[in-house]
Amino acid sequence: MAKESYKRDKPHVNIGTIGHVDHGKTTLTAAITSVLAKQGLALQRDFGSIDKAPEERERGITISTAHVEYQTKKRHYAHIDCPGHADYIKNMITGAAQMDGAILVVAGTDGPMPQTREHILLARQVNVPALVVFLNKVDIADPELLELVELELRELLTEYNFPGDDIPIIKGSALKALDGDPEGEKAIMELMDAVDEFIPEPVRDVDKPFLMPVEDVFSISGRGTVGTGRIERGRIKINEEVEIVGIKPTRKSVVTGIEMFQKLLDEGQAGDNAGLLLRGVDKTELERGMVIAKPGSIKPHTKFKAEVYILRKEEGGRHTPFFNGYRPQFYFRTTDVTGSVTLPEGVEMVMPGDNLSVEVELIVPIAMDEGLRFAIREGGRTVGAGSVTKIIE
(Lines of atoms letter the chains of each structure in order from A and count residues from 1; the text may use other names and numbers.)
(Lines give C-alpha, C1' and ligand atoms only; values in the text may rest on other atoms or scores of the structure.)
Protein backbone atom coordinates (compact mmCIF):
# COMPACT_ATOMS: atom_id res chain seq x y z
CA MET A 1 0.00 0.00 0.00
CA ALA A 2 1.39 3.41 -0.94
CA LYS A 3 1.92 5.58 2.11
CA GLU A 4 0.16 8.94 2.11
CA SER A 5 2.31 12.01 2.56
CA TYR A 6 2.23 13.69 5.95
CA LYS A 7 0.59 17.15 6.02
CA ARG A 8 2.02 20.05 8.03
CA ASP A 9 -0.79 22.57 8.32
CA LYS A 10 -0.81 23.02 12.13
CA PRO A 11 1.93 23.50 14.72
CA HIS A 12 3.24 20.13 15.92
CA VAL A 13 3.61 19.49 19.67
CA ASN A 14 4.90 16.38 21.50
CA ILE A 15 3.10 15.64 24.75
CA GLY A 16 2.56 12.68 27.02
CA THR A 17 0.81 11.33 30.09
CA ILE A 18 2.77 10.89 33.33
CA GLY A 19 1.77 9.92 36.87
CA HIS A 20 1.40 7.08 39.37
CA VAL A 21 0.59 3.52 38.29
CA ASP A 22 -3.17 2.85 37.92
CA HIS A 23 -4.16 6.52 38.21
CA GLY A 24 -5.63 6.36 34.70
CA LYS A 25 -2.95 7.53 32.25
CA THR A 26 -3.78 5.00 29.54
CA THR A 27 -7.55 5.36 30.05
CA LEU A 28 -7.14 9.13 29.64
CA THR A 29 -5.07 8.67 26.46
CA ALA A 30 -7.82 6.44 25.03
CA ALA A 31 -10.51 8.93 26.14
CA ILE A 32 -8.76 11.84 24.38
CA THR A 33 -8.69 9.91 21.08
CA SER A 34 -12.30 8.81 21.55
CA VAL A 35 -13.63 12.33 22.22
CA LEU A 36 -11.57 13.95 19.43
CA ALA A 37 -12.50 11.15 16.99
CA LYS A 38 -16.14 12.30 17.22
CA GLN A 39 -15.00 15.65 15.82
CA GLY A 40 -12.95 14.02 13.09
CA LEU A 41 -9.67 15.09 14.75
CA ALA A 42 -8.33 11.66 15.72
CA LEU A 43 -8.53 7.97 15.04
CA GLN A 44 -10.04 6.33 18.08
CA ARG A 45 -7.59 4.06 19.92
CA ASP A 46 -9.01 1.68 22.50
CA PHE A 47 -7.36 1.04 25.85
CA GLY A 48 -6.05 -2.38 24.77
CA SER A 49 -4.24 -1.07 21.69
CA ILE A 50 -2.45 1.63 23.73
CA ASP A 51 -1.73 -0.71 26.63
CA LYS A 52 0.02 -3.26 24.43
CA ALA A 53 2.88 -4.78 26.39
CA PRO A 54 2.05 -8.48 26.31
CA GLU A 55 4.34 -9.77 29.06
CA GLU A 56 2.75 -7.39 31.60
CA ARG A 57 -0.73 -7.20 30.14
CA GLU A 58 -2.27 -9.60 32.65
CA ARG A 59 -1.46 -7.33 35.54
CA GLY A 60 -2.75 -4.30 33.68
CA ILE A 61 0.59 -2.52 33.89
CA THR A 62 1.74 -0.54 30.85
CA ILE A 63 5.40 -1.01 30.07
CA SER A 64 6.17 0.01 26.53
CA THR A 65 5.82 3.59 25.34
CA ALA A 66 2.78 3.93 23.09
CA HIS A 67 2.65 6.67 20.43
CA VAL A 68 -0.78 8.13 19.61
CA GLU A 69 -1.53 10.93 17.18
CA TYR A 70 -4.43 13.43 17.30
CA GLN A 71 -5.35 17.04 16.58
CA THR A 72 -7.21 19.88 18.22
CA LYS A 73 -8.57 22.83 16.24
CA LYS A 74 -5.23 24.59 16.83
CA ARG A 75 -2.54 21.92 16.83
CA HIS A 76 -1.30 18.50 15.81
CA TYR A 77 -0.18 16.35 18.77
CA ALA A 78 2.05 13.31 19.05
CA HIS A 79 1.12 11.82 22.42
CA ILE A 80 3.23 9.35 24.38
CA ASP A 81 1.65 7.18 27.04
CA CYS A 82 4.48 6.85 29.56
CA PRO A 83 4.79 3.80 31.76
CA GLY A 84 3.78 4.44 35.34
CA HIS A 85 5.43 1.49 37.02
CA ALA A 86 8.65 2.17 38.96
CA ASP A 87 10.56 -0.61 37.16
CA TYR A 88 10.06 1.22 33.91
CA ILE A 89 11.69 4.50 34.86
CA LYS A 90 14.20 3.76 32.09
CA ASN A 91 11.43 4.07 29.52
CA MET A 92 10.07 7.09 31.36
CA ILE A 93 13.37 8.88 30.87
CA THR A 94 13.43 8.27 27.12
CA GLY A 95 9.73 9.08 26.93
CA ALA A 96 9.83 12.22 29.00
CA ALA A 97 12.81 13.44 27.02
CA GLN A 98 10.46 13.59 24.05
CA MET A 99 7.98 15.98 25.58
CA ASP A 100 7.20 19.62 24.92
CA GLY A 101 4.71 19.32 27.76
CA ALA A 102 2.97 16.66 29.80
CA ILE A 103 -0.41 15.84 31.30
CA LEU A 104 0.10 14.74 34.90
CA VAL A 105 -2.69 12.31 35.79
CA VAL A 106 -3.60 12.08 39.48
CA ALA A 107 -6.46 9.99 40.87
CA GLY A 108 -8.68 12.17 43.06
CA THR A 109 -9.31 9.08 45.18
CA ASP A 110 -5.60 8.78 46.11
CA GLY A 111 -4.00 12.16 45.62
CA PRO A 112 -0.26 12.43 44.91
CA MET A 113 1.59 9.10 45.37
CA PRO A 114 5.34 8.24 45.32
CA GLN A 115 5.51 7.92 41.54
CA THR A 116 3.60 11.21 41.15
CA ARG A 117 6.51 12.91 42.88
CA GLU A 118 9.06 10.85 40.97
CA HIS A 119 7.52 11.76 37.62
CA ILE A 120 7.34 15.48 38.49
CA LEU A 121 11.02 15.28 39.47
CA LEU A 122 11.88 13.48 36.23
CA ALA A 123 9.91 16.03 34.22
CA ARG A 124 12.00 18.71 35.89
CA GLN A 125 15.24 16.78 35.26
CA VAL A 126 14.62 16.20 31.58
CA ASN A 127 13.35 19.75 31.19
CA VAL A 128 9.71 19.19 30.27
CA PRO A 129 8.72 22.86 29.79
CA ALA A 130 5.14 22.74 31.09
CA LEU A 131 2.64 20.49 32.87
CA VAL A 132 -1.17 20.44 32.93
CA VAL A 133 -2.93 18.33 35.59
CA PHE A 134 -5.88 16.01 35.02
CA LEU A 135 -7.48 15.10 38.35
CA ASN A 136 -9.07 11.76 37.46
CA LYS A 137 -11.78 9.57 39.05
CA VAL A 138 -13.54 12.62 40.54
CA ASP A 139 -16.90 10.85 40.12
CA ILE A 140 -15.93 8.41 42.90
CA ALA A 141 -13.84 10.75 45.08
CA ASP A 142 -14.94 12.66 48.19
CA PRO A 143 -15.45 16.34 47.14
CA GLU A 144 -13.81 17.68 50.34
CA LEU A 145 -10.82 15.43 49.76
CA LEU A 146 -10.49 16.79 46.20
CA GLU A 147 -9.84 20.32 47.51
CA LEU A 148 -7.03 19.01 49.71
CA VAL A 149 -5.59 16.97 46.85
CA GLU A 150 -5.54 20.08 44.66
CA LEU A 151 -3.70 22.11 47.32
CA GLU A 152 -1.22 19.30 47.89
CA LEU A 153 -0.57 19.00 44.16
CA ARG A 154 0.06 22.72 43.74
CA GLU A 155 2.57 22.64 46.61
CA LEU A 156 4.33 19.60 45.13
CA LEU A 157 4.61 21.24 41.69
CA THR A 158 6.01 24.43 43.24
CA GLU A 159 8.56 22.37 45.19
CA TYR A 160 10.02 21.16 41.87
CA ASN A 161 10.07 24.65 40.32
CA PHE A 162 6.93 24.34 38.22
CA PRO A 163 4.44 27.25 38.51
CA GLY A 164 2.18 25.40 40.97
CA ASP A 165 -0.23 28.32 41.45
CA ASP A 166 -0.85 28.80 37.71
CA ILE A 167 -0.95 25.26 36.36
CA PRO A 168 -4.47 24.33 35.17
CA ILE A 169 -6.00 21.43 37.13
CA ILE A 170 -8.89 19.90 35.18
CA LYS A 171 -11.25 17.59 37.10
CA GLY A 172 -12.95 14.70 35.36
CA SER A 173 -13.36 10.99 34.82
CA ALA A 174 -11.46 9.43 31.93
CA LEU A 175 -13.52 6.25 32.18
CA LYS A 176 -16.82 8.15 31.91
CA ALA A 177 -15.49 10.10 28.92
CA LEU A 178 -14.48 6.82 27.30
CA ASP A 179 -18.03 5.53 27.89
CA GLY A 180 -19.43 8.59 26.09
CA ASP A 181 -20.82 10.36 29.18
CA PRO A 182 -21.42 14.07 28.24
CA GLU A 183 -19.95 15.42 31.52
CA GLY A 184 -16.94 13.16 31.06
CA GLU A 185 -16.43 14.31 27.46
CA LYS A 186 -16.75 17.97 28.48
CA ALA A 187 -13.83 17.55 30.93
CA ILE A 188 -11.68 16.08 28.13
CA MET A 189 -12.41 19.10 25.91
CA GLU A 190 -11.53 21.39 28.83
CA LEU A 191 -8.29 19.47 29.25
CA MET A 192 -7.40 19.83 25.56
CA ASP A 193 -8.17 23.58 25.70
CA ALA A 194 -5.83 23.84 28.71
CA VAL A 195 -3.13 21.88 26.86
CA ASP A 196 -3.54 24.14 23.79
CA GLU A 197 -3.29 27.27 25.94
CA PHE A 198 -0.84 26.36 28.69
CA ILE A 199 1.72 24.15 26.96
CA PRO A 200 3.75 26.63 24.93
CA GLU A 201 4.34 26.00 21.27
CA PRO A 202 7.90 24.70 21.29
CA VAL A 203 10.65 26.86 19.92
CA ARG A 204 12.03 24.38 17.46
CA ASP A 205 15.73 23.98 16.92
CA VAL A 206 15.32 23.67 13.14
CA ASP A 207 18.09 26.13 12.34
CA LYS A 208 20.78 24.23 14.23
CA PRO A 209 22.83 21.45 12.60
CA PHE A 210 20.85 18.22 12.19
CA LEU A 211 20.97 15.65 15.02
CA MET A 212 18.80 12.64 15.85
CA PRO A 213 19.52 10.27 18.77
CA VAL A 214 18.95 6.64 17.78
CA GLU A 215 16.25 4.97 19.89
CA ASP A 216 15.66 1.85 17.86
CA VAL A 217 17.08 0.05 14.82
CA PHE A 218 15.25 -2.01 12.17
CA SER A 219 16.34 -3.58 8.92
CA ILE A 220 14.08 -3.53 5.87
CA SER A 221 14.96 -6.41 3.57
CA GLY A 222 16.36 -5.19 0.28
CA ARG A 223 16.42 -1.55 1.40
CA GLY A 224 18.78 -1.27 4.32
CA THR A 225 18.83 -0.18 7.93
CA VAL A 226 16.44 2.28 9.60
CA GLY A 227 17.28 4.26 12.73
CA THR A 228 14.30 5.73 14.59
CA GLY A 229 14.15 8.53 17.13
CA ARG A 230 13.05 12.07 17.73
CA ILE A 231 14.94 14.63 15.66
CA GLU A 232 16.55 16.87 18.28
CA ARG A 233 17.62 19.71 16.02
CA GLY A 234 17.97 20.82 12.42
CA ARG A 235 16.42 19.40 9.26
CA ILE A 236 17.22 16.38 7.13
CA LYS A 237 16.37 15.86 3.46
CA ILE A 238 16.58 12.73 1.36
CA ASN A 239 20.04 12.10 -0.18
CA GLU A 240 21.84 14.24 2.42
CA GLU A 241 25.07 12.97 3.92
CA VAL A 242 25.14 12.26 7.67
CA GLU A 243 27.57 10.92 10.27
CA ILE A 244 26.82 8.21 12.81
CA VAL A 245 28.54 9.28 16.03
CA GLY A 246 29.18 7.65 19.40
CA ILE A 247 30.03 4.25 20.94
CA LYS A 248 31.87 2.99 17.82
CA PRO A 249 34.15 4.93 15.42
CA THR A 250 32.34 7.72 13.54
CA ARG A 251 31.20 6.73 10.03
CA LYS A 252 29.44 8.46 7.14
CA SER A 253 26.23 7.46 5.38
CA VAL A 254 23.47 8.92 3.20
CA VAL A 255 19.79 9.18 4.15
CA THR A 256 17.78 7.44 1.42
CA GLY A 257 14.33 7.62 3.03
CA ILE A 258 12.46 9.46 5.81
CA GLU A 259 9.16 8.43 7.36
CA MET A 260 6.95 9.65 10.19
CA PHE A 261 3.75 8.01 11.51
CA GLN A 262 4.11 5.44 8.70
CA LYS A 263 3.88 8.24 6.12
CA LEU A 264 6.72 9.20 3.80
CA LEU A 265 8.28 12.66 4.05
CA ASP A 266 10.77 14.42 1.81
CA GLU A 267 12.16 16.23 4.85
CA GLY A 268 12.29 15.64 8.60
CA GLN A 269 12.75 18.43 11.11
CA ALA A 270 13.38 19.05 14.81
CA GLY A 271 10.57 17.64 16.93
CA ASP A 272 9.56 14.92 14.47
CA ASN A 273 9.56 11.27 15.53
CA ALA A 274 11.09 9.83 12.40
CA GLY A 275 12.69 6.77 10.87
CA LEU A 276 15.75 7.36 8.67
CA LEU A 277 16.80 4.80 6.07
CA LEU A 278 20.61 4.75 5.83
CA ARG A 279 22.59 3.64 2.77
CA GLY A 280 25.23 0.94 3.24
CA VAL A 281 24.78 0.64 6.99
CA ASP A 282 24.46 -2.82 8.48
CA LYS A 283 21.98 -3.40 11.32
CA THR A 284 24.94 -4.31 13.58
CA GLU A 285 26.62 -0.95 12.94
CA LEU A 286 23.80 1.15 14.38
CA GLU A 287 22.61 0.98 17.99
CA ARG A 288 20.62 2.85 20.58
CA GLY A 289 22.78 5.59 22.12
CA MET A 290 24.43 6.65 18.85
CA VAL A 291 23.36 9.84 17.08
CA ILE A 292 22.82 10.52 13.38
CA ALA A 293 24.08 14.05 12.69
CA LYS A 294 25.25 16.59 10.13
CA PRO A 295 28.88 15.74 9.26
CA GLY A 296 31.38 17.57 11.47
CA SER A 297 28.71 19.07 13.74
CA ILE A 298 29.28 16.89 16.81
CA LYS A 299 32.17 14.78 18.10
CA PRO A 300 32.29 11.76 20.41
CA HIS A 301 33.90 12.33 23.83
CA THR A 302 34.69 10.30 26.94
CA LYS A 303 36.01 12.91 29.42
CA PHE A 304 34.11 15.95 30.61
CA LYS A 305 33.41 18.21 33.56
CA ALA A 306 29.84 18.37 34.80
CA GLU A 307 27.65 20.11 37.32
CA VAL A 308 25.63 17.42 39.11
CA TYR A 309 22.85 17.20 41.65
CA ILE A 310 22.69 13.99 43.69
CA LEU A 311 19.16 13.12 44.78
CA ARG A 312 18.20 12.99 48.43
CA LYS A 313 17.00 9.70 49.89
CA GLU A 314 13.45 11.16 50.04
CA GLU A 315 13.58 11.82 46.30
CA GLY A 316 14.35 8.17 45.61
CA GLY A 317 18.12 8.67 45.61
CA ARG A 318 20.99 6.94 47.42
CA HIS A 319 20.87 6.44 51.18
CA THR A 320 24.66 6.63 51.57
CA PRO A 321 27.50 8.86 50.35
CA PHE A 322 29.80 7.97 47.45
CA PHE A 323 33.55 8.49 47.10
CA ASN A 324 36.24 9.23 44.51
CA GLY A 325 36.19 6.63 41.72
CA TYR A 326 32.41 6.05 42.02
CA ARG A 327 31.21 4.15 38.89
CA PRO A 328 27.52 4.61 38.10
CA GLN A 329 25.81 4.69 34.68
CA PHE A 330 25.38 7.97 32.86
CA TYR A 331 22.15 8.13 30.89
CA PHE A 332 22.73 10.24 27.75
CA ARG A 333 19.73 10.81 25.46
CA THR A 334 18.71 7.18 24.95
CA THR A 335 21.26 4.97 26.67
CA ASP A 336 23.27 4.17 29.80
CA VAL A 337 27.08 4.31 29.69
CA THR A 338 29.29 3.39 32.66
CA GLY A 339 31.74 6.06 33.77
CA SER A 340 33.99 6.87 36.71
CA VAL A 341 33.70 10.04 38.77
CA THR A 342 36.65 12.11 40.00
CA LEU A 343 35.78 14.45 42.87
CA PRO A 344 37.24 17.97 43.14
CA GLU A 345 40.35 18.43 45.28
CA GLY A 346 39.52 18.59 48.97
CA VAL A 347 36.16 16.80 48.58
CA GLU A 348 36.29 13.44 50.35
CA MET A 349 32.76 12.23 49.70
CA VAL A 350 29.42 13.25 48.22
CA MET A 351 26.23 13.08 50.27
CA PRO A 352 22.70 12.61 48.89
CA GLY A 353 21.36 16.15 48.32
CA ASP A 354 24.77 17.59 47.33
CA ASN A 355 25.32 19.74 44.27
CA LEU A 356 28.89 19.92 42.93
CA SER A 357 31.24 19.91 39.95
CA VAL A 358 32.84 16.59 39.06
CA GLU A 359 34.97 15.11 36.30
CA VAL A 360 33.65 12.04 34.48
CA GLU A 361 35.38 9.50 32.24
CA LEU A 362 33.08 7.19 30.22
CA ILE A 363 34.07 3.68 29.08
CA VAL A 364 32.83 4.39 25.51
CA PRO A 365 32.58 7.74 23.70
CA ILE A 366 29.21 9.51 23.38
CA ALA A 367 28.31 12.35 21.00
CA MET A 368 28.22 15.43 23.20
CA ASP A 369 28.20 19.22 23.31
CA GLU A 370 28.52 21.42 26.36
CA GLY A 371 25.11 21.82 27.99
CA LEU A 372 24.05 18.22 27.28
CA ARG A 373 21.98 16.89 30.17
CA PHE A 374 22.16 13.39 31.62
CA ALA A 375 20.85 11.29 34.48
CA ILE A 376 23.12 9.40 36.87
CA ARG A 377 21.76 5.93 37.50
CA GLU A 378 22.49 2.77 39.46
CA GLY A 379 20.89 -0.45 38.30
CA GLY A 380 18.06 1.38 36.57
CA ARG A 381 17.35 3.80 39.44
CA THR A 382 17.96 7.51 38.97
CA VAL A 383 20.27 8.82 41.70
CA GLY A 384 21.25 12.16 40.22
CA ALA A 385 21.14 14.57 37.32
CA GLY A 386 23.74 16.64 35.59
CA SER A 387 24.80 18.86 32.76
CA VAL A 388 28.06 18.81 30.78
CA THR A 389 29.90 22.06 31.54
CA LYS A 390 33.24 21.47 29.77
CA ILE A 391 34.52 18.82 27.39
CA ILE A 392 38.04 17.61 28.21
CA GLU A 393 38.65 14.99 25.49
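Backbone N, Cα and C define each Cβ position, glycine as well.
The GTP binding site annotation in Swiss-Prot covers 19-26, 81-85, 136-139 and is backed by sequence analysis. Marked as Mg(2+) binding site by Swiss-Prot: Thr26. Residues annotated as domain 'tr-type G' in Swiss-Prot: 10-203. Feature annotation from Swiss-Prot assigns region 'G1' to 19-26. Taken from Swiss-Prot, the feature region 'G2' covers 60-64. What Swiss-Prot records for 81-84 is region 'G3'. Annotation source Swiss-Prot lists region 'G4' at 136-139.
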DSSP-derived structure type at Asp22 (GTP binding site), helix or strand or else coil:
coil
What is the three-state DSSP composition of the region 'G4' (136-139), stated as helix, strand and coil residue counts?
2 helix, 1 strand, 1 coil
CB neighbours of Thr26 (Mg(2+) binding site) within 10 A?
25
Predicted model, mean pLDDT over the region 'G2' (60-64):
39
When you measure from the Cβ of Val138 (GTP binding site), which residues in the chain that are at least 6 apart have a Cβ under 8 Å away?
Gly108, Leu146, Lys171, Gly172, Ser173
Could you measure between the residue listed as 'Mg(2+) binding site' and Gly19 (GTP binding site) for me? Cα positions, answer in whole angstrom.
10
Would you mind checking how many other C-beta atoms are within 10 angstroms of the C-beta on Asp22 (GTP binding site)?
17
